[in-house]
Amino acid sequence: YKLSVSPEMDIMEYCRKEWRGNTPAAKRMRKGYEAVAQKFASIRRIRGDNYCAFRATLFQALSQATQLPRWLQSEDFTMLPENLLSKYDWIKQWQLRQKPGKRMGEIRDEIKEYLILLRKKWKNISEIKGPLEKQEACDKLFKNEEEEYSLYEALKFLMLNTAIELYNADKSGRRVPVFSWLLFARDTSNNPCQLMHNHLNHIGHSGGLEQVEMFLLAYALQYTIQVYRLYKHSTDEFITLYPNDPEEDWPVVTLITEDDRHYNVPVRMCQETML
């Protein structure tokens, strides 16, 4: 059994263990980790399957949650599967985790359960006041494989909903963020149906999140995802924001990646950067 989120480790100790050589790549990584260590003291390794971008983002969001996001409070939130399935027949092809070929009613009910679970967990964790207790609750959640993967299914469905909203907004002539054009300019995702078939249905199974899908995840959660991309150290892409023009009131979560495929999380902000 693999831990989903490993215990804390000193960032520079982790870096020395991982990047020993004198190759240009190793030197760049060490410089990248040194820069992160100016802001954060520790790192927690995220289990490396195709869900790791979800796992890292959700873990960070819940670890610092102090209230339920507005979109999770809305009355219609748990009605999403029903509303979308009544308008878009093709959503019947949604691939539930390890359960291909489900019938429409089962898909609707199961996704609704996932959304209810997401709201419940977010609410419970955000109401915990003590930082230690909050961290313990997060650690416990990310040790429960059944619940953890159900939450990722909820996130995927929220991404689909956001994609449909953006696609429809663009078609009716309203302004949409630039990433939305890029998302639907791909040969494999000209529209939300293709996005579901060729991308969202595969996340967690045969692939992780691509760059443009990190934007979609950020929009779905209404969070700014700040990523230290270590292999881009000393370029202006070293710290990348998804989205790059975030809303003022969106909370920020921070991740670390060495290759844009696998993500870990920095924890414990250094005192001086907090002041």
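Every residue gets a Cβ built from N, Cα and C, even glycine.
Taken from TrEMBL, the feature active site applies to Asp49, His262. Feature annotation from TrEMBL assigns active site, nucleophile to Cys52. According to TrEMBL, the site 'Linear diubiquitin binding' annotation covers Glu237.
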Among Asp49, Glu237, all listed as recorded positions, which has the most CB atoms within 10 Å of its CB?
Asp49
Ranking the active-site residues Cys52, His262 by other Cβ atoms within 10 Å, which is at the bottom?
His262
Fill in the CA-CA distance, Asp49 (active site) to Glu237 (site 'Linear diubiquitin binding'), as an integer in Å.
25
